[in-house]
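For CYS79, the entry in Swiss-Prot reads active site, nucleophile, with the evidence type sequence analysis. As annotated by Swiss-Prot, active site, charge relay system applies to HIS170, GLU172. The annotation L-glutamine binding site is assigned in Swiss-Prot to GLY47, GLU48, SER49, ARG106, ILE134, ARG135.
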Amino acid sequence: MVKIGVLGLQGAVREHVKSVEASGAEAVVVKRIEQLEEIDGLILPGGESTTMRRLIDKYAFMEPLRTFAKSGKPMFGTCAGMILLAKTLIGYEEAHIGAMDITVERNAFGRQKDSFEAALSIEGVGEDFVGVFIRAPYVVEVADNVEVLSKHGDRMVAVRQNQFLAASFHPELTDDHRVTAYFVEMVKEAKMKKVV
């Protein structure tokens, strides 16, 4: 069974743990740097990206997260997690982890009161997935090697680049675990490649 970490500094941690377990993987709440060595994949949960960055810096997680990104193990960022994975952020000079060749705009769908749900078609996942958008970012631009998995209107809201997956919405806030299951499969495939 693969072991998937959920970065436990802030955000929808419990919900991700539940979704990972429902998808047939072991979930670990990552609160210490050394735990990164024990896991096969990592979820960066939604939350407040500025607060999350402050906590990442406070607990000296940034370099270990960048090292994890370079290790070939899959990472999945939802909402604020997408912001952490992006190489370019509109209105900001520097990236956070910067592992994905995507340009992201923060709070692109408006503030908390503008939160909404929308039925999405997601490549590799299926139709009618309810995307929960809460002060969500969206992907403005992608490099050629980034696969766009879903759009809401003309806005890119789910993307994949090799072992990295990112979504504007919160898949963990529904009882539909298909997006998490997709990530679990990515982790299983990556682990199999390592073994071979």
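Here the Cβ of each residue, glycine as well, is placed from N, Cα and C on the backbone.
Bear in mind that the values here come from a model prediction, so they are computed numbers and not experimental data.
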Active-site residues clustered about ARG106 (L-glutamine binding site) [Cα within 10 Å; pool: CYS79, HIS170, GLU172]: CYS79
Largest separation between Cα atoms (Å) of residues that the record links to L-glutamine, namely GLY47, GLU48, SER49, ARG106, ILE134, ARG135: 12
Entries of CYS79, HIS170, GLU172 which, being active-site residues, have CA atoms within 10 angstroms of SER49 (L-glutamine binding site): CYS79
Other same-chain residues whose Cβ falls within 8 Å of the Cβ centroid of GLY47, GLU48, SER49, ARG106, ILE134, ARG135, the recorded L-glutamine site, in sequence order: GLY46, THR50, CYS79, ALA80, ILE83, ASN107, ALA136, PRO137
Candidates GLU48, GLU172: member of the recorded positions with the richest Cβ shell (10 Å): GLU172
Where GLU172 (active site, charge relay system) sits in the secondary structure, as DSSP reduces it to three classes: helix
Local Cβ density at HIS170 (active site, charge relay system) - other Cβ atoms counted within 10 Å: 26
Around the Cβ of ILE134 (L-glutamine binding site), the count of other Cβ atoms that are within 10 Å: 21
Separation of alpha carbons, CYS79 (active site, nucleophile) and ARG135 (L-glutamine binding site) (Å): 8
Residues near CYS79 (active site, nucleophile) in space but at least six apart in sequence (CB under 8 A): GLY11, PRO45, GLY46, GLY47, ILE134, ARG135, ALA136, PRO137, ALA167, SER168, PHE169, HIS170
Pairwise Cα distance for GLU48 (L-glutamine binding site)/GLU172 (active site, charge relay system) [Å, integer]: 16
